[in-house]
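Report on the following structure.
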Ligand code: SAH
């Protein structure tokens, strides 16, 4: 071990920062956040200093460093390119046994500043001992994704309940009790902002003592995005890794399913080829039953659960049965596909609004307010429209769009098998047919489609043999 990690209490301590650059401002900020008073020696201060917290704890005391500035200081940070000038400060500080850090000059430091993950009061510090700050920073980024933003609030809850738990739970059972609390839905309740519920659950656990397992089931309705695992949210990933059972359908891609907890039970409720999908009411009741068995149930949906995802229906049933649930938004196909196809859905010159519509045919017609939809200053995104494409294009022309309105159809948006076919309302149906596209596909209609020529950046089909494979297959009613 080259360095001993410690956490310094700097509240109302006095620190010196030598240097007025942007980097110096960031160092001063750390000290201020830790409650210190900061003197700065610099000819001028970067504007970043003006935005720091607790400005009354910060003052520029001199143009340059003089040893007298070390009087009464507990810590010194130097941001100075010139090595010999930096060394003068470092030596003077060391001579007085004041800890000193010199940015980017590890040899002059008596301590180093780690990369930190701040979930106050929980703090994680990562350091490579000054040898590879980039590596430490990358590790920090990975840890950031793993630790929920509200982790500190969980710690605060524990601190509020400390005395009550001490009074109710025997010392030898306390540790097990807290472990149970942190693994219970209480933690997820805090992370999702349901503090009142978390407290009443914790009260119940204290009443029952640590002996009883009163684990309550819960349903996480999670949007998995359009298929590319990179587009999952941190929250989705976290819940995927703690669920006991995963209920999914065909739109959720295999790489995403692979990221769920390995030993979680998986229940497929989509449609096998030529078979019928599990009816919606049965799925709703399945979720209720699993949660009532005490399980943490992950209901994993493609895209966003509230956009053509029947998420509303599923949680309505949960609410009727008093099953706790939370909803995690996902990147909806329109947003994901548009980005990866280089088609901005709105644009000041071409589209002032965007409409998401379903192209699902019912008895060969669409039940839609075409007047509100077919407008030349609006982008139209059509989900589930592959089968109905010829009829859709016809209807849009009939209701006022010109035949040469640009239109695109995107297969497997965001995935390595993405393909984009562009044309206009008259040519697109035949082009799509010729291309032999596989579901899921998304249709985008409007002048913004023209921008793809300039803005298309993701073109896996140019170098991919896989463009004709199907990692995702949507059930028929979604085509
Ligand atoms: N809740 C989902 C939509 C479910 S409806 C969401 O918010 O995205 C299913 C339809 O979504 C498909 O028929 C298709 O039109 C569209 N879709 C989903 N993923 C897609 C993808 N990767 N590429 C193209 N279209 C997609």
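In case you wondered, yes, glycine gets a Cβ from its N, Cα and C as well.
Site annotation for S-adenosyl-L-methionine in TrEMBL covers 302, 303, 304, 307, 332, 333, 384, 413, and the matching candidate from 171, 185, 226, 229 is 226.
Those same-chain residues not listed among 22, 23, 43, 44 yet with C-beta within 8 angstroms of the centroid of the NAD(+) site C-beta atoms are 19, 20, 21, 24, 25, 42, 45, 46, 49, 79. The number of other Cβ atoms within 10 Å of the Cβ belonging to residue 128 (phosphoserine), over all protein chains shown, comes to 16. In this structure, 226 are the recorded positions from 22, 23, 226, 249 whose C-beta falls under 6 Å of some atom of ligand 1. Among the residues the record lists as binding NAD(+), namely 22, 23, 43, 44, the two farthest apart have Cα atoms separated by 15 Å.
Distance noted between the C-alpha atoms of residue 128 (phosphoserine) and residue 23 (NAD(+) binding site) is 20 Å. Taking the C-alpha atom of residue 413 (S-adenosyl-L-methionine binding site) as reference, the shortest distance to any of the recorded positions 22, 23, 43, 44, 249 belongs to 249.
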